[in-house]
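Presented below is the structure to which this report refers.
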(Lines of atoms letter the chains of each structure in order from A and count residues from 1; the text may use other names and numbers.)
(Lines give C-alpha, C1' and ligand atoms only; values in the text may rest on other atoms or scores of the structure.)
Protein backbone atom coordinates (compact mmCIF):
# COMPACT_ATOMS: atom_id res chain seq x y z
CA UNK A 1 0.00 0.00 0.00
CA UNK A 2 3.00 2.34 0.00
CA UNK A 3 2.86 5.06 -2.68
CA UNK A 4 5.30 4.59 -5.56
CA UNK A 5 6.64 7.68 -7.26
CA UNK A 6 6.80 7.43 -11.02
CA UNK A 7 9.09 10.01 -12.58
CA UNK A 8 9.25 11.05 -16.21
CA UNK A 9 12.49 11.59 -18.10
CA UNK A 10 13.23 13.11 -21.50
CA UNK A 11 11.60 12.18 -24.78
CA UNK A 12 14.22 10.61 -27.04
CA UNK A 13 14.41 9.70 -30.69
CA UNK A 14 16.98 7.72 -32.65
CA UNK A 15 15.97 9.64 -35.76
CA UNK A 16 16.73 13.14 -34.53
CA UNK A 17 19.08 12.60 -31.54
CA UNK A 18 17.49 15.67 -29.92
CA UNK A 19 16.00 15.01 -26.47
CA UNK A 20 13.03 17.04 -25.22
CA UNK A 21 11.60 17.36 -21.75
CA UNK A 22 8.42 15.36 -21.14
CA UNK A 23 6.20 18.36 -20.49
CA UNK A 24 7.21 20.05 -23.75
CA UNK A 25 4.30 17.99 -25.10
CA UNK A 26 0.85 18.66 -23.62
CA UNK A 27 0.69 15.46 -21.55
CA UNK A 28 -1.26 15.44 -18.28
CA UNK A 29 0.73 17.51 -15.78
CA UNK A 30 0.77 16.94 -12.01
CA UNK A 31 -0.47 19.76 -9.75
CA UNK A 32 3.06 21.13 -9.50
CA UNK A 33 5.97 20.08 -11.71
CA UNK A 34 9.06 19.39 -9.58
CA UNK A 35 12.52 18.88 -11.07
CA UNK A 36 14.67 16.13 -9.59
CA UNK A 37 18.22 17.05 -8.69
CA UNK A 38 20.58 15.94 -11.44
CA UNK A 39 24.32 15.39 -11.49
CA UNK A 40 26.62 16.98 -14.04
CA UNK A 41 26.62 13.94 -16.31
CA UNK A 42 22.82 13.81 -16.47
CA UNK A 43 22.56 17.49 -17.39
CA UNK A 44 25.13 17.05 -20.17
CA UNK A 45 23.22 14.03 -21.51
CA UNK A 46 20.01 16.05 -21.62
CA UNK A 47 18.19 14.08 -18.90
CA UNK A 48 15.35 16.13 -17.40
CA UNK A 49 13.76 14.11 -14.61
CA UNK A 50 10.45 15.42 -13.30
CA UNK A 51 7.53 14.13 -11.25
CA UNK A 52 4.41 12.71 -12.93
CA UNK A 53 0.67 12.51 -12.20
CA UNK A 54 0.72 8.69 -12.06
CA UNK A 55 -0.12 7.34 -8.60
CA UNK A 56 0.79 3.72 -7.87
CA UNK A 57 0.22 1.95 -4.57
CA UNK A 58 2.44 -1.04 -3.91
CA UNK A 59 0.75 -4.37 -4.67
CA UNK A 60 -2.66 -2.75 -5.18
CA UNK A 61 -3.57 -3.28 -8.83
CA UNK A 62 -5.58 -0.61 -10.63
CA UNK A 63 -7.76 -0.82 -13.69
CA UNK A 64 -8.67 2.00 -16.03
CA UNK A 65 -7.57 4.85 -13.79
CA UNK A 66 -8.33 8.05 -15.62
CA UNK A 67 -5.37 10.41 -15.64
CA UNK A 68 -6.94 13.41 -17.30
CA UNK A 69 -8.92 14.52 -20.32
CA UNK A 70 -7.50 17.11 -22.71
CA UNK A 71 -8.86 18.76 -25.82
CA UNK A 72 -6.20 19.46 -28.39
CA UNK A 73 -5.90 22.82 -30.06
CA UNK A 74 -4.24 23.05 -33.46
CA UNK A 75 -0.79 23.79 -31.97
CA UNK A 76 -0.84 20.88 -29.52
CA UNK A 77 -2.05 18.49 -32.21
CA UNK A 78 0.77 19.61 -34.48
CA UNK A 79 3.34 19.07 -31.70
CA UNK A 80 2.10 15.54 -31.07
CA UNK A 81 2.10 14.77 -34.79
CA UNK A 82 5.67 15.97 -35.23
CA UNK A 83 6.93 13.91 -32.30
CA UNK A 84 5.06 10.81 -33.49
CA UNK A 85 6.48 11.32 -36.98
CA UNK A 86 10.02 11.49 -35.58
CA UNK A 87 9.42 8.30 -33.58
CA UNK A 88 9.93 9.85 -30.17
CA UNK A 89 9.78 7.61 -27.11
CA UNK A 90 8.70 8.50 -23.60
CA UNK A 91 11.14 7.52 -20.85
CA UNK A 92 9.94 6.97 -17.30
CA UNK A 93 11.65 5.89 -14.09
CA UNK A 94 10.36 3.95 -11.11
CA UNK A 95 12.74 3.28 -8.22
CA UNK A 96 15.66 4.16 -10.51
CA UNK A 97 14.59 1.55 -13.08
CA UNK A 98 13.86 2.80 -16.59
CA UNK A 99 10.54 1.86 -18.18
CA UNK A 100 10.76 -0.79 -20.91
CA UNK A 101 8.43 -2.27 -23.50
CA UNK A 102 8.90 -6.04 -23.79
CA UNK A 103 9.00 -7.11 -27.43
CA UNK A 104 8.49 -10.82 -28.02
CA UNK A 105 10.45 -12.30 -30.87
CA UNK A 106 8.39 -14.22 -33.40
CA UNK A 107 10.40 -17.43 -33.11
CA UNK A 108 9.78 -19.31 -29.90
CA UNK A 109 12.54 -19.83 -27.38
CA UNK A 110 14.49 -16.69 -28.10
CA UNK A 111 14.59 -14.24 -25.17
CA UNK A 112 12.33 -11.21 -24.96
CA UNK A 113 13.96 -8.03 -26.15
CA UNK A 114 13.39 -4.85 -24.19
CA UNK A 115 12.97 -1.46 -25.81
CA UNK A 116 13.74 1.54 -23.62
CA UNK A 117 10.67 3.75 -23.34
CA UNK A 118 7.39 3.54 -25.26
CA UNK A 119 6.60 5.38 -28.50
CA UNK A 120 4.47 8.51 -28.14
CA UNK A 121 2.24 7.15 -30.88
CA UNK A 122 2.22 5.62 -34.32
CA UNK A 123 1.37 6.39 -37.93
CA UNK A 124 -1.08 4.35 -39.94
CA UNK A 125 -3.97 4.28 -42.38
CA UNK A 126 -7.54 3.16 -41.94
CA UNK A 127 -8.43 0.16 -44.11
CA UNK A 128 -9.26 1.29 -47.60
CA UNK A 129 -7.89 4.79 -47.16
CA UNK A 130 -4.59 6.15 -48.41
CA UNK A 131 -4.35 9.04 -45.96
CA UNK A 132 -1.70 8.82 -43.21
CA UNK A 133 -3.17 9.41 -39.78
CA UNK A 134 -1.39 9.85 -36.46
CA UNK A 135 -2.54 7.85 -33.45
CA UNK A 136 -1.49 8.48 -29.86
CA UNK A 137 -0.81 5.88 -27.18
CA UNK A 138 -3.23 7.08 -24.53
CA UNK A 139 -3.75 3.89 -22.53
CA UNK A 140 -0.74 2.44 -20.71
CA UNK A 141 -0.85 -1.01 -19.14
CA UNK A 142 1.97 -0.96 -16.60
CA UNK A 143 3.43 -4.09 -15.03
CA UNK A 144 5.46 -3.67 -11.86
CA UNK A 145 7.48 -6.74 -10.96
CA UNK A 146 8.52 -7.22 -7.38
CA UNK A 147 10.60 -9.65 -5.36
CA UNK A 148 9.00 -10.55 -2.05
CA UNK A 149 11.01 -11.14 1.07
CA UNK A 150 9.34 -14.19 2.70
CA UNK A 151 10.38 -13.20 6.26
CA UNK A 152 9.04 -9.64 6.40
CA UNK A 153 6.49 -9.82 3.55
CA UNK A 154 7.83 -6.50 2.26
CA UNK A 155 8.81 -6.35 -1.40
CA UNK A 156 11.36 -4.72 -3.67
CA UNK A 157 10.72 -3.52 -7.19
CA UNK A 158 12.70 -5.46 -9.78
CA UNK A 159 10.97 -4.59 -13.05
CA UNK A 160 8.94 -1.83 -14.67
CA UNK A 161 7.26 -2.68 -17.98
CA UNK A 162 4.50 -1.18 -20.08
CA UNK A 163 2.31 -2.14 -23.01
CA UNK A 164 1.02 0.99 -24.74
CA UNK A 165 -2.36 1.04 -26.50
CA UNK A 166 -4.21 3.61 -28.56
CA UNK A 167 -7.96 3.64 -27.88
CA UNK A 168 -10.75 6.10 -28.51
CA UNK A 169 -12.42 6.22 -25.12
CA UNK A 170 -16.17 6.68 -24.91
CA UNK A 171 -18.48 7.65 -22.07
CA UNK A 172 -22.15 8.48 -21.61
CA UNK A 173 -23.54 11.85 -20.74
CA UNK A 174 -21.50 14.89 -19.71
CA UNK A 175 -17.87 14.57 -18.57
CA UNK A 176 -17.28 15.00 -14.84
CA UNK A 177 -14.66 13.84 -12.32
CA UNK A 178 -16.26 10.43 -11.79
CA UNK A 179 -17.67 9.62 -15.22
CA UNK A 180 -17.43 5.93 -16.05
CA UNK A 181 -15.87 5.05 -19.40
CA UNK A 182 -17.76 2.53 -21.50
CA UNK A 183 -14.60 1.47 -23.31
CA UNK A 184 -12.68 0.64 -20.18
CA UNK A 185 -14.60 -0.18 -17.03
CA UNK A 186 -13.25 -1.99 -13.97
CA UNK A 187 -16.78 -2.74 -12.73
CA UNK A 188 -17.76 -4.70 -15.80
CA UNK A 189 -14.22 -6.13 -16.11
CA UNK A 190 -13.96 -4.45 -19.50
CA UNK A 191 -10.29 -3.75 -20.17
CA UNK A 192 -8.22 -2.54 -23.08
CA UNK A 193 -6.48 -5.43 -24.82
CA UNK A 194 -5.82 -4.09 -28.31
CA UNK A 195 -5.68 -0.93 -30.41
CA UNK A 196 -8.54 -1.76 -32.76
CA UNK A 197 -10.32 1.57 -32.25
CA UNK A 198 -7.35 3.92 -32.04
CA UNK A 199 -7.35 7.51 -30.84
CA UNK A 200 -6.52 9.98 -33.60
CA UNK A 201 -4.44 13.08 -33.03
CA UNK A 202 -6.25 16.02 -34.59
CA UNK A 203 -7.20 19.55 -33.63
CA UNK A 204 -10.33 19.88 -31.43
CA UNK A 205 -10.41 16.16 -30.66
CA UNK A 206 -10.51 15.20 -27.00
CA UNK A 207 -8.10 12.62 -25.64
CA UNK A 208 -8.63 10.75 -22.39
CA UNK A 209 -5.45 9.34 -20.85
CA UNK A 210 -5.88 6.16 -18.79
CA UNK A 211 -3.65 3.51 -17.28
CA UNK A 212 -3.71 0.07 -15.62
CA UNK A 213 -1.21 -1.17 -13.07
CA UNK A 214 -0.71 -4.82 -12.35
CA UNK A 215 1.80 -6.37 -9.99
CA UNK A 216 3.70 -9.57 -10.67
CA UNK A 217 5.81 -11.49 -8.24
CA UNK A 218 9.22 -12.26 -9.70
CA UNK A 219 12.12 -14.55 -8.86
CA UNK A 220 14.64 -11.93 -9.86
CA UNK A 221 16.64 -10.73 -6.86
CA UNK A 222 16.94 -6.99 -6.34
CA UNK A 223 20.70 -7.11 -6.88
CA UNK A 224 20.35 -8.58 -10.35
CA UNK A 225 17.35 -6.59 -11.53
CA UNK A 226 19.43 -4.80 -14.18
CA UNK A 227 20.35 -8.02 -15.95
CA UNK A 228 17.31 -7.97 -18.24
CA UNK A 229 18.28 -4.52 -19.49
CA UNK A 230 21.84 -5.51 -20.14
CA UNK A 231 21.06 -8.69 -22.04
CA UNK A 232 24.07 -8.98 -24.26
CA UNK A 233 23.06 -9.84 -27.78
CA UNK A 234 26.01 -12.21 -27.98
CA UNK A 235 29.31 -12.50 -26.21
CA UNK A 236 30.94 -14.46 -29.00
CA UNK A 237 31.52 -11.52 -31.28
CA UNK A 238 33.46 -9.76 -28.53
CA UNK A 239 35.68 -12.76 -27.97
CA UNK A 240 36.10 -12.99 -31.72
CA UNK A 241 37.18 -9.36 -31.88
CA UNK A 242 39.63 -9.83 -29.02
CA UNK A 243 41.19 -12.94 -30.59
CA UNK A 244 41.38 -11.06 -33.88
CA UNK A 245 43.18 -8.15 -32.17
CA UNK A 246 45.51 -10.47 -30.28
CA UNK A 247 46.64 -11.92 -33.61
CA UNK A 248 47.65 -8.43 -34.75
CA UNK A 249 49.48 -7.90 -31.45
CA UNK A 250 51.34 -11.21 -31.67
CA UNK A 251 52.40 -10.50 -35.24
CA UNK A 252 53.71 -7.05 -34.29
CA UNK A 253 55.38 -8.30 -31.13
CA UNK A 254 57.18 -10.86 -33.24
CA UNK A 255 58.44 -8.13 -35.56
CA UNK A 256 59.59 -5.93 -32.68
CA UNK A 257 61.40 -8.84 -31.04
CA UNK A 258 63.10 -9.69 -34.35
CA UNK A 259 64.28 -6.13 -34.80
CA UNK A 260 65.53 -5.91 -31.25
CA UNK A 261 67.40 -9.18 -31.33
CA UNK A 262 68.71 -9.46 -34.85
CA UNK A 263 69.69 -5.93 -35.67
CA UNK A 264 70.61 -4.58 -32.31
CA UNK A 265 72.57 -7.55 -31.13
CA UNK A 266 74.41 -8.13 -34.40
CA UNK A 267 74.89 -4.49 -35.26
CA UNK A 268 76.10 -3.43 -31.84
CA UNK A 269 78.49 -6.31 -31.32
CA UNK A 270 79.94 -5.76 -34.80
CA UNK A 271 80.08 -2.03 -34.30
CA UNK A 272 81.92 -2.19 -31.03
CA UNK A 273 84.58 -4.48 -32.46
CA UNK A 274 85.57 -2.01 -35.15
CA UNK A 275 89.09 -0.81 -34.54
CA UNK A 276 90.13 0.88 -37.70
CA UNK A 277 88.78 4.25 -38.70
CA UNK A 278 88.16 3.14 -42.30
CA UNK A 279 85.76 0.43 -41.23
CA UNK A 280 83.93 2.88 -39.02
CA UNK A 281 83.19 4.96 -42.12
CA UNK A 282 80.99 2.19 -43.44
CA UNK A 283 78.44 2.31 -40.66
CA UNK A 284 75.06 0.89 -41.45
CA UNK A 285 71.73 2.68 -41.61
CA UNK A 286 70.60 3.95 -38.27
CA UNK A 287 74.09 4.41 -36.81
CA UNK A 288 74.98 6.95 -39.47
CA UNK A 289 72.40 9.36 -38.11
CA UNK A 290 73.47 9.12 -34.45
CA UNK A 291 74.61 12.72 -34.55
CA UNK A 292 71.20 13.98 -35.65
CA UNK A 293 68.68 11.69 -34.07
CA UNK A 294 68.17 13.82 -30.96
CA UNK A 295 68.09 17.17 -32.75
CA UNK A 296 64.94 18.97 -31.51
CA UNK A 297 62.17 18.92 -34.15
CA UNK A 298 60.54 21.93 -35.75
CA UNK A 299 57.49 23.15 -33.81
CA UNK A 300 58.84 21.40 -30.74
CA UNK A 301 56.57 23.51 -28.49
CA UNK A 302 53.45 22.14 -30.11
CA UNK A 303 54.75 18.59 -29.78
CA UNK A 304 55.28 19.14 -26.04
CA UNK A 305 51.73 20.44 -25.69
CA UNK A 306 50.22 17.48 -27.51
CA UNK A 307 52.26 14.95 -25.58
CA UNK A 308 51.17 16.56 -22.30
CA UNK A 309 47.52 16.50 -23.34
CA UNK A 310 47.86 12.87 -24.38
CA UNK A 311 49.20 11.91 -20.96
CA UNK A 312 46.24 13.71 -19.37
CA UNK A 313 43.88 11.78 -21.60
CA UNK A 314 45.58 8.45 -21.01
CA UNK A 315 45.34 8.94 -17.25
CA UNK A 316 41.68 9.82 -17.47
CA UNK A 317 40.76 6.86 -19.66
CA UNK A 318 42.75 4.37 -17.58
CA UNK A 319 41.29 5.42 -14.24
CA UNK A 320 37.75 5.62 -15.65
CA UNK A 321 38.12 2.12 -17.09
CA UNK A 322 39.41 0.70 -13.83
CA UNK A 323 36.45 2.24 -11.96
CA UNK A 324 34.07 0.90 -14.58
CA UNK A 325 35.54 -2.61 -14.50
CA UNK A 326 35.03 -2.71 -10.73
CA UNK A 327 31.40 -1.77 -11.29
CA UNK A 328 31.36 1.76 -9.86
CA UNK A 329 29.87 3.20 -13.03
CA UNK A 330 27.02 0.82 -13.84
CA UNK A 331 24.17 2.10 -16.03
CA UNK A 332 21.95 2.34 -12.93
CA UNK A 333 24.13 5.27 -11.92
CA UNK A 334 22.82 7.64 -14.58
CA UNK A 335 25.37 10.20 -15.74
CA UNK A 336 28.02 8.67 -13.48
CA UNK A 337 30.36 7.86 -16.34
CA UNK A 338 30.21 11.39 -17.73
CA UNK A 339 30.74 13.05 -14.35
CA UNK A 340 33.65 10.75 -13.49
CA UNK A 341 35.40 11.43 -16.80
CA UNK A 342 35.09 15.20 -16.47
CA UNK A 343 36.41 15.26 -12.91
CA UNK A 344 39.28 12.92 -13.75
CA UNK A 345 40.21 14.99 -16.79
CA UNK A 346 40.44 18.08 -14.62
CA UNK A 347 42.59 16.42 -11.96
CA UNK A 348 44.91 14.74 -14.48
CA UNK A 349 46.04 18.25 -15.48
CA UNK A 350 49.00 17.94 -13.13
CA UNK A 351 50.45 15.06 -15.18
CA UNK A 352 49.90 16.98 -18.41
CA UNK A 353 51.93 19.92 -17.12
CA UNK A 354 54.67 17.63 -15.85
CA UNK A 355 55.01 15.64 -19.08
CA UNK A 356 55.02 18.67 -21.39
CA UNK A 357 57.56 20.69 -19.38
CA UNK A 358 59.94 17.72 -18.99
CA UNK A 359 60.02 17.30 -22.76
CA UNK A 360 60.24 21.06 -23.25
CA UNK A 361 63.32 21.28 -21.03
CA UNK A 362 64.94 18.46 -22.98
CA UNK A 363 64.45 20.54 -26.13
CA UNK A 364 66.40 23.34 -24.37
CA UNK A 365 63.23 25.40 -23.79
CA UNK A 366 63.28 28.06 -21.10
CA UNK A 367 59.77 29.50 -20.76
CA UNK A 368 57.91 26.80 -18.85
CA UNK A 369 54.98 29.11 -18.02
CA UNK A 370 54.22 29.60 -21.70
CA UNK A 371 54.25 25.87 -22.42
CA UNK A 372 52.06 25.15 -19.38
CA UNK A 373 49.51 27.72 -20.48
CA UNK A 374 49.38 26.25 -23.98
CA UNK A 375 48.99 22.74 -22.58
CA UNK A 376 46.15 23.88 -20.33
CA UNK A 377 44.24 25.67 -23.06
CA UNK A 378 44.86 24.18 -26.50
CA UNK A 379 42.94 20.89 -26.50
CA UNK A 380 40.14 21.90 -24.08
CA UNK A 381 39.80 25.19 -25.96
CA UNK A 382 39.24 23.51 -29.32
CA UNK A 383 36.82 20.95 -27.84
CA UNK A 384 34.95 23.67 -25.95
CA UNK A 385 34.60 25.73 -29.12
CA UNK A 386 33.08 22.81 -31.07
CA UNK A 387 30.88 21.97 -28.10
CA UNK A 388 29.69 25.57 -27.85
CA UNK A 389 28.64 25.64 -31.51
CA UNK A 390 26.83 22.30 -31.20
CA UNK A 391 25.12 23.51 -28.03
CA UNK A 392 23.90 26.62 -29.84
CA UNK A 393 22.41 24.37 -32.54
CA UNK A 394 20.60 22.22 -29.96
CA UNK A 395 19.43 25.31 -28.15
CA UNK A 396 17.99 26.64 -31.41
CA UNK A 397 15.90 23.46 -31.63
CA UNK A 398 14.46 24.13 -28.13
CA UNK A 399 15.73 20.71 -27.07
CA UNK A 400 16.43 19.74 -23.46
CA UNK A 401 19.79 18.40 -24.63
CA UNK A 402 21.10 21.97 -24.62
CA UNK A 403 23.41 22.53 -21.67
CA UNK A 404 22.02 25.36 -19.52
CA UNK A 405 24.09 28.49 -18.96
CA UNK A 406 24.78 27.63 -15.32
CA UNK A 407 26.30 24.28 -16.23
CA UNK A 408 28.39 25.90 -18.97
CA UNK A 409 29.68 28.33 -16.37
CA UNK A 410 30.46 25.46 -13.98
CA UNK A 411 32.48 23.75 -16.73
CA UNK A 412 34.48 26.91 -17.39
CA UNK A 413 35.12 27.31 -13.64
CA UNK A 414 36.33 23.69 -13.45
CA UNK A 415 38.64 24.31 -16.40
CA UNK A 416 40.17 27.59 -15.27
CA UNK A 417 39.79 27.10 -11.53
CA UNK A 418 41.12 23.56 -11.12
CA UNK A 419 42.61 22.26 -14.37
CA UNK A 420 44.77 25.24 -15.37
CA UNK A 421 46.38 25.73 -11.92
CA UNK A 422 47.11 21.99 -11.74
CA UNK A 423 48.81 22.09 -15.16
CA UNK A 424 50.99 24.93 -13.87
CA UNK A 425 51.87 22.98 -10.71
CA UNK A 426 52.83 19.98 -12.86
CA UNK A 427 54.81 22.24 -15.21
CA UNK A 428 56.73 23.76 -12.33
CA UNK A 429 57.64 20.36 -10.85
CA UNK A 430 58.65 19.02 -14.27
CA UNK A 431 60.81 22.04 -15.04
CA UNK A 432 62.59 21.88 -11.68
CA UNK A 433 63.89 18.41 -12.48
CA UNK A 434 67.21 18.09 -14.33
CA UNK A 435 66.81 17.80 -18.11
CA UNK A 436 66.77 14.36 -19.72
CA UNK A 437 70.25 13.68 -21.12
CA UNK A 438 70.62 12.48 -24.72
CA UNK A 439 72.53 9.20 -25.00
CA UNK A 440 74.60 10.54 -27.94
CA UNK A 441 75.88 14.00 -28.79
CA UNK A 442 74.13 15.99 -31.51
CA UNK A 443 76.28 17.35 -34.34
CA UNK A 444 76.42 21.08 -35.00
CA UNK A 445 75.49 20.74 -38.68
CA UNK A 446 72.48 18.62 -39.67
CA UNK A 447 73.32 15.96 -42.22
CA UNK A 448 71.51 15.61 -45.48
CA UNK A 449 68.70 13.10 -45.71
CA UNK A 450 69.16 10.87 -48.77
CA UNK A 451 66.30 10.43 -51.22
CA UNK A 452 63.73 8.01 -49.80
CA UNK A 453 61.94 5.13 -51.50
CA UNK A 454 58.28 5.79 -52.28
CA UNK A 455 57.06 3.55 -49.44
CA UNK A 456 59.15 5.52 -46.92
CA UNK A 457 57.35 8.72 -47.89
CA UNK A 458 56.12 10.31 -44.60
CA UNK A 459 52.47 10.58 -45.63
CA UNK A 460 52.35 7.00 -46.85
CA UNK A 461 53.99 5.49 -43.77
CA UNK A 462 51.85 7.62 -41.43
CA UNK A 463 48.65 6.42 -43.08
CA UNK A 464 49.79 2.80 -42.98
CA UNK A 465 50.61 3.12 -39.29
CA UNK A 466 47.05 3.99 -38.32
CA UNK A 467 45.42 0.94 -39.88
CA UNK A 468 46.51 -1.66 -37.33
CA UNK A 469 45.56 0.19 -34.11
CA UNK A 470 42.18 0.95 -35.68
CA UNK A 471 41.78 -2.66 -36.79
CA UNK A 472 42.36 -3.76 -33.22
CA UNK A 473 39.43 -1.76 -31.85
CA UNK A 474 36.87 -1.37 -34.58
CA UNK A 475 34.52 -4.22 -33.61
CA UNK A 476 34.23 -2.86 -30.07
CA UNK A 477 33.76 0.56 -31.62
CA UNK A 478 30.62 -0.66 -33.35
CA UNK A 479 29.06 -1.54 -29.98
CA UNK A 480 30.05 1.78 -28.44
CA UNK A 481 28.54 3.75 -31.32
CA UNK A 482 25.38 1.66 -31.15
CA UNK A 483 24.99 2.28 -27.44
CA UNK A 484 25.48 6.04 -27.84
CA UNK A 485 23.38 6.69 -30.93
CA UNK A 486 20.77 3.93 -30.79
CA UNK A 487 19.96 4.55 -27.15
CA UNK A 488 21.09 1.28 -25.62
CA UNK A 489 23.14 0.54 -22.53
CA UNK A 490 26.86 -0.08 -22.79
CA UNK A 491 28.28 -1.90 -19.85
CA UNK A 492 30.77 -4.54 -20.99
CA UNK A 493 33.69 -2.63 -19.57
CA UNK A 494 35.72 -5.80 -19.03
CA UNK A 495 35.91 -6.38 -22.77
CA UNK A 496 36.55 -2.71 -23.34
CA UNK A 497 39.47 -2.73 -20.92
CA UNK A 498 41.06 -5.70 -22.72
CA UNK A 499 40.60 -3.98 -26.08
CA UNK A 500 42.09 -0.79 -24.68
CA UNK A 501 45.22 -2.59 -23.46
CA UNK A 502 45.53 -4.23 -26.89
CA UNK A 503 45.21 -0.78 -28.48
CA UNK A 504 48.05 0.58 -26.34
CA UNK A 505 50.34 -2.31 -27.26
CA UNK A 506 49.48 -2.11 -30.97
CA UNK A 507 50.14 1.63 -31.13
CA UNK A 508 53.48 1.27 -29.40
CA UNK A 509 54.67 -1.63 -31.55
CA UNK A 510 53.64 -0.36 -34.98
CA UNK A 511 55.38 2.95 -34.24
CA UNK A 512 58.59 1.26 -33.15
CA UNK A 513 58.67 -0.93 -36.27
CA UNK A 514 58.07 1.97 -38.66
CA UNK A 515 60.49 4.20 -36.75
CA UNK A 516 63.22 1.60 -37.08
CA UNK A 517 62.74 1.28 -40.83
CA UNK A 518 62.85 5.05 -41.10
CA UNK A 519 66.12 5.35 -39.17
CA UNK A 520 67.65 2.55 -41.23
CA UNK A 521 67.03 4.55 -44.38
CA UNK A 522 68.94 7.43 -42.75
CA UNK A 523 65.88 9.63 -42.16
CA UNK A 524 66.24 11.01 -38.64
CA UNK A 525 63.12 13.20 -38.47
CA UNK A 526 61.25 10.82 -36.22
CA UNK A 527 59.76 13.06 -33.49
CA UNK A 528 56.60 14.22 -35.21
CA UNK A 529 56.34 11.20 -37.41
CA UNK A 530 56.18 8.85 -34.44
CA UNK A 531 53.29 10.90 -33.01
CA UNK A 532 51.39 10.98 -36.28
CA UNK A 533 51.98 7.33 -37.20
CA UNK A 534 49.77 5.92 -34.47
CA UNK A 535 47.65 9.08 -34.25
CA UNK A 536 46.48 8.60 -37.83
CA UNK A 537 44.19 5.82 -36.57
CA UNK A 538 41.88 8.69 -35.54
CA UNK A 539 41.38 9.45 -39.23
CA UNK A 540 40.13 5.90 -39.78
CA UNK A 541 37.93 6.27 -36.71
CA UNK A 542 36.25 9.30 -38.26
CA UNK A 543 35.85 7.56 -41.62
CA UNK A 544 34.25 4.60 -39.85
CA UNK A 545 31.89 6.94 -37.99
CA UNK A 546 30.87 8.40 -41.36
CA UNK A 547 30.27 4.91 -42.76
CA UNK A 548 28.22 4.04 -39.65
CA UNK A 549 26.12 7.19 -40.11
CA UNK A 550 25.09 6.25 -43.62
CA UNK A 551 24.54 2.54 -43.05
CA UNK A 552 23.06 2.23 -39.54
CA UNK A 553 21.42 5.51 -38.57
CA UNK A 554 18.21 6.96 -39.96
CA UNK A 555 19.04 10.59 -39.25
CA UNK A 556 17.41 12.92 -41.76
CA UNK A 557 17.46 16.32 -40.04
CA UNK A 558 20.37 18.59 -40.86
CA UNK A 559 20.88 19.65 -37.23
CA UNK A 560 20.98 16.03 -36.07
CA UNK A 561 23.56 15.20 -38.73
CA UNK A 562 25.70 18.15 -37.66
CA UNK A 563 25.45 17.02 -34.04
CA UNK A 564 26.56 13.52 -34.95
CA UNK A 565 29.58 14.68 -36.92
CA UNK A 566 30.45 17.35 -34.37
CA UNK A 567 30.57 14.86 -31.50
CA UNK A 568 32.41 12.32 -33.63
CA UNK A 569 34.97 14.98 -34.54
CA UNK A 570 35.61 15.62 -30.84
CA UNK A 571 35.90 11.86 -30.22
CA UNK A 572 38.35 11.40 -33.12
CA UNK A 573 40.43 14.36 -31.98
CA UNK A 574 40.68 12.88 -28.49
CA UNK A 575 41.59 9.49 -29.97
CA UNK A 576 44.31 11.15 -32.05
CA UNK A 577 45.88 12.76 -28.99
CA UNK A 578 45.72 9.52 -27.03
CA UNK A 579 47.15 7.15 -29.64
CA UNK A 580 49.72 9.67 -30.87
CA UNK A 581 51.16 10.10 -27.40
CA UNK A 582 51.51 6.35 -26.91
CA UNK A 583 53.33 6.07 -30.24
CA UNK A 584 55.61 8.96 -29.36
CA UNK A 585 56.65 7.58 -25.99
CA UNK A 586 57.24 4.11 -27.42
CA UNK A 587 59.52 5.57 -30.07
CA UNK A 588 61.25 7.85 -27.58
CA UNK A 589 62.10 4.87 -25.38
CA UNK A 590 63.18 2.79 -28.38
CA UNK A 591 65.58 5.35 -29.87
CA UNK A 592 67.18 6.06 -26.49
CA UNK A 593 67.59 2.33 -25.95
CA UNK A 594 69.32 1.57 -29.25
CA UNK A 595 71.58 4.63 -29.28
CA UNK A 596 72.67 4.26 -25.68
CA UNK A 597 73.93 0.73 -26.34
CA UNK A 598 76.33 1.90 -29.04
CA UNK A 599 79.77 3.24 -28.09
CA UNK A 600 80.43 6.32 -30.19
CA UNK A 601 83.75 8.12 -29.97
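Glycine is no exception: its Cβ is also placed from the backbone N, Cα and C atoms.
Heads up, TrEMBL stuff is auto-annotated, nobody curated it.
Taken from TrEMBL as is:
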TRANSMEM  239-261  transmembrane segment
TRANSMEM  303-329  transmembrane segment
TRANSMEM  335-355  transmembrane segment
TRANSMEM  376-396  transmembrane segment
TRANSMEM  408-431  transmembrane segment
TRANSMEM  452-485  transmembrane segment
TRANSMEM  491-519  transmembrane segment
TRANSMEM  531-550  transmembrane segment
TRANSMEM  562-590  transmembrane segment
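Counting C-beta pairs under 8 angstroms (sequence separation of 6 or more), the transmembrane segment (376-396) reaches the transmembrane segment (303-329) with 3 or more such pairs. Sequence-distant residue pairs (6 or more apart) of the transmembrane segment (491-519) and the transmembrane segment (562-590) include at least 3 whose Cβ atoms are under 8 Å, placing the two stretches in contact. Non-local neighbours of the transmembrane segment (562-590) in the same chain are 17-18, 303, 306-307, 309-311, 313-314, 317, 379, 382-383, 386-387, 389-390, 393-394, 465-466, 469, 485, 503-504, 507-512, 515-516, 526-527, 530-539, 541-542, 545-546, 549, 553, 555; each lies 6+ residues outside the stretch with a CB under 8 Å from one of its CB atoms. Same-chain residues lying 6 or more positions outside the transmembrane segment (408-431) and placing a CB less than 8 Å from one of its CB atoms are 40, 308, 342, 345-347, 349-358, 360-361, 368-369, 371-373, 375-377, 380, 384, 391. Most Cβ pairs under 8 A with the transmembrane segment (531-550) among the ranges 239-261, 335-355, 452-485 are made by 452-485.
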